[in-house]
Amino acid sequence: MTEERPRDDALHFERRVLVRQALVGVAAFGAIAALAPKLLILEQDVAASVLSVGAKIALAAVVATTFLTLLRLRTHRELLRSLVIGAREIDHEELERFAELPPALAMRFVLASSAISSLTMIPGIRPEKLDDGRAVSLLILAITILCASGIPHYVLTRAATFSLFEISPVEAVGALLETSELYQTPRRRVTYKLLLSVAAPVLLVGVGAVLIANAHLQTFVERSRRTTAGLIARTALDPALGALEEADRNDVVAAAAEFGFLARVEGCSIAEPSFGREADGQIAVITPIDGGCANIRFSADLEPSVATWGALVALLAMLVAGALGNVFGRVLAADLVHATKQVRLLGTDSVLRGATQIARPARFAVVARLGLAIEGLAERFRVFAAAQERALEAREAAQRMRGLLFASVSHDLKSPLNAILGFAELVGQEDLTAAQRESLELIATRGRELLGLIESILDAARVEAGQLTLEPQPTSVGALIAGALRKARELSSDADGEVVVEVGDTLPLIPVDQAYATRAIAVIVAHALRTGAADPSARLVRLTATMGGDLNTEVRIDIEYGSRDVPPDELEALFSRQTTARGRGLTLGLSHARSVIELHGGSLEVDGAPDGRPVCRARLPRIPPPRRPRLSSVPALG
């Protein structure tokens, strides 16, 4: 995954969380609406009323949970902004609070949705014709489904949250993991998650079974009491049968009232018996009798003990499932701890001894696969470690060869070459013919070029090995440039060119190693002279020394090439690494020159003049750096 994807996730994090939460809420209330009529065996008109009220409750719950989630997300906006644009540093405490976001939002979602669903018990809000028993059953069903929906809510929010840890600072994430491991947080969370993942489905199934059984039992009670109400109307309240006297009928009505049947005779006219559910949930059975009709109202609510026993059974099943989930969670956590130890052995000497073999069989397939992956990774690491050891041995051998090369170059090449130059100088003091003196000057010139190349190779090797040590001393800028021009003439003696020098009168002394700094500037000037040697109109090289920096904290030396044959980008490539180009041996010196200037705490940049000619801009500070600077590039020897 590229870095842009997590940054987009951070930019749209709030929207992603809110959309996922809304989808979970709609799905949860949709499940309630789909299951309630069937599980609770609701009549069509009651089910329609439940759906109407449920839609309003669902809308209120989604709005309320969205508002509560926004309040919590506001506390993390600075963190999200920092992850997107890197506005400030992030500590592990912020990430720890951010990691606690998924369970916090899931808990708010469940509690807020359950609280709003409880409003259905309030008269005026409760669905019409829903009796108390079914209202309680409906609420229990809603709360159970909402609690179960907290699990997918947590999973979806956690996926959105932890995707942002990919772009979090490595140091902060490492500190967070160390703190979590110190307090054994991952082990406890694995146990809790497995406990909930086992107990929640059992609770949902148990509550559903209790509600189904309770609904069927209540339906049976309703039908039996409705039959009883019809018998009371026909046998006790119908005068046409003449079975009972007026006083006896009153006694029957009183006795029926003790059993919850409220009977009265009304002056209505109907042809067939009918029954219906009142607004308060009670059932009314109307039976035609002689001279009117008998209206008997009753309730079919079950005794609380019936539902209590079912709830206790469901609770017991949940506790057993929770206990099993806790055991499984502890076993899984122990396996993961063991696997974690194997992971931590990676990168240590114990891997080379084969210590990453799984000591005992994992009790979970996922951990077993993880163990096999660890063993495979350990085997790859052993191969890598062996290759690394061979590479280290080769590197040590190369360093030894480099040392031998230094000694060989210094003794077998440099010393005889110095002797040749010395004898050439002595011979030059004798009376020679013009041809002899020309040949002698050619020998001296080529000897000095070869000596300069040898010095460049030795210095570049020292820079590459980190062994080049400077001895800065306060030095006049004018003296530094004068020495550099003399050295440049020696390095480019066969190039006819002119160097125009402009040095400010008030330039301060700068702390440089005069030998190395002089040679660095000389190499650049010599390269500029040789580049324009083929074009008579491009042989003019300008060297300007002025104050630079915001507070005049550095001296800036600009070397403007006379030729346009070398574009600025190509010249920059020569300074960055060893490159084959024009200038016979000076290309290695160019990269070494940049290294020397940077070791002084300065910089060397390549720019372009308005007419297209390249300009090398060297900056040397007035105050030496407190520690060894880091080089932008190292001259490579192959």
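In case you wondered, yes, glycine gets a Cβ from its N, Cα and C as well.
Feature annotation from TrEMBL assigns domain 'Histidine kinase' to 408-624. Summarising the annotation, TrEMBL assigns region 'Disordered' to 617-638. Per TrEMBL, transmembrane segment is recorded for 21-40, 46-71, 137-156, 194-217, 306-328.
Using the rule of three or more Cβ pairs under 8 Å, pairs at least 6 apart in sequence, the transmembrane segment (194-217) is in contact with the transmembrane segment (21-40). For the transmembrane segment (46-71), same-chain residues at least 6 beyond its ends with a Cβ under 8 Å from one of its own Cβ atoms are 14, 17-18, 21-22, 25-26, 29, 32-33, 36-37, 105, 108-109, 112-113, 116-117, 119-120, 125-130, 134, 138, 277. Along the domain 'Histidine kinase' (408-624), the predicted structure has mean pLDDT 83.
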